[in-house]
Amino acid sequence: MNPIPSTEPVFSRASLSPLVLGGGSWGTALALHLGWGGDPVVQWVRDPLLAKDIRQTRENRVYLPGVSYPSSIRIENDLEAALEGASLLVLAVPCQAVREVLEKVRALLPAPLPLIGGTKGIERKTHMLVSAIVREVYAESPESYAVLSGPSFAREVVRKLPTAVVLASPSHRLAREAQKLFSGPSFKVYTRQDVIGLEVAGAMKNVMALAAGISDGMQLGANSRAALLTRGLAEMTRLGVRLGAHPQTFSGLGGVGDLMLTATSELSRNRRVGVLLGQGNSLPEVLREVGQVAEGVPTTQSAHELAKEILVDLPITTAIYQILYEGAGLEETLQSLMARPSRSEEEDVVSGG
């Protein structure tokens, strides 16, 4: 094994001071998980009213009601104050806000801090994965970044139900240290190096959850759902491999594991959006009812446009895009998918579906 360069970011567990960027359900879950370990944790909450309410009630009543904050967590709305003394950043803002937040963070730091990404999605205007945005606006070295992903609903994490996730980084040192940081009695962390594969899987499973939800909302049955998810996994893998990912990543926790969770659970926002669409509701009506961000909606547009740019066939993604953004009817879209020419399943990763 090659020696680890001395320029790799490293942080000491003894002097750790993590800053969680994000006040939503996942940011709150990660802050609570780290805070329960006893270390001082800062959570930056962008919404000043929400930050004030959390400070006063010691509870995020908007995104994770009923879960008390330990005294080890400090809530900040001011980004400069939040960054003071931080030794590690945990990114948990919506994908479309990543660039803006990281630009502000970088302007306030003399040098980049190690960054753990918990955000899933593809940037709409550039079609970039989060790791590419990080390299462009925060830290050029890929050794500064790790991504945390896998089947992990925030609500179950804070209930301390058994959860297993994956942490990917090209830096063995950062991966090991972050693995130690996040691991706990009910939270198991595996590591791998394939950042791109984990990010593609984490983004695209939300699109497939929309598809599965639409299928369930239309009452198309278990056969249909199983076919969609299986073909969806092939589609995710095809895109990932085209972008440089390892196909094996998609058979792990961050791939098929996260897909099964998000596409089948009643706790999934993306699946819920799909179900409501499948029942005949319009997208604006659905988004108003769901309330929180469903990353699959903007990711569908980003993935569809990216696939056209790099000439990758993503038929399910295209179908969901047509439903969401072109007003295509559900029945006609289904018929169009079923009418596609049949082909060898063995060609999936290389060609199309």
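If you go along the chain as it appears here, the first residue is 1 and each next one adds 1.
For all residues, glycine too, the Cβ spot is worked out from N, Cα and C.
As written in TrEMBL, here are the features:
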type	residues	note
DOMAIN	20-173	domain 'Glycerol-3-phosphate dehydrogenase NAD-dependent N-terminal'
BINDING	Gly22, Gly23, Gly24, Ser25, Trp26, Gly27, Ala154, Arg269	NAD(+) binding site
BINDING	Ser25, Trp26, Arg46, Tyr63, Lys120, Ala154, Arg269, Val293, Glu295	NADPH binding site
BINDING	Lys120, Arg269, Asn270	substrate binding site
BINDING	Lys120, Gly150, Ser152, Lys205, Asp258, Ser268, Arg269, Asn270	sn-glycerol 3-phosphate binding site
DOMAIN	194-334	domain 'Glycerol-3-phosphate dehydrogenase NAD-dependent C-terminal'
ACT_SITE	Lys205	active site, proton acceptor
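TrEMBL feature annotations superimposed on the structure.
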residue : record                               : DSSP (3 states)
Gly22   : NAD(+) binding site                  : coil
Gly27   : NAD(+) binding site                  : helix
Lys120  : NADPH binding site                   : coil
Asp258  : sn-glycerol 3-phosphate binding site : helix
Ser268  : sn-glycerol 3-phosphate binding site : coil
Glu295  : NADPH binding site                   : coil
Glu295 (NADPH binding site) CB neighbourhood, other CB atoms within 10 A: 26
Fewest-neighbour residue among binding-site residues, criterion Cβ within 10 Å, set Arg46, Lys120, Lys205, Arg269: Arg46
For the binding-site residues Gly22, Gly27, Gly150, the one whose C-beta sees the most other C-beta atoms within 10 angstroms: Gly27
For the domain 'Glycerol-3-phosphate dehydrogenase NAD-dependent C-terminal' (194-334), mean pLDDT (0 to 100): 96
Rounded distance in angstrom between the Cα atoms of Lys205 (sn-glycerol 3-phosphate binding site) and Asn270 (substrate binding site): 9
Alpha-carbon distance [Ser268 (sn-glycerol 3-phosphate binding site); Ser25 (NAD(+) binding site)] in Å: 12
Neighbour tally for Trp26 (NAD(+) binding site), based on other Cβ positions within 10 Å of its Cβ: 23
Rounded Cα-Cα span from Gly27 (NAD(+) binding site) to Ser268 (sn-glycerol 3-phosphate binding site), Å: 16
Gly150, Ser152, Asp258, Asn270, Glu295 filtered to the binding-site residues whose C-alpha is within 10 Å of Gly23 (NAD(+) binding site): none
Binding residues Lys120, Arg269, Asn270 (substrate) - maximum C-alpha distance in whole Å: 13
For Asn270 (substrate binding site), the one of Gly24, Gly150, Glu295 that lies nearest, given that the binding-site residues are compared by Cα: Glu295
For NAD(+): widest Cα to Cα gap among Gly22, Gly23, Gly24, Ser25, Trp26, Gly27, Ala154, Arg269 in Å: 18
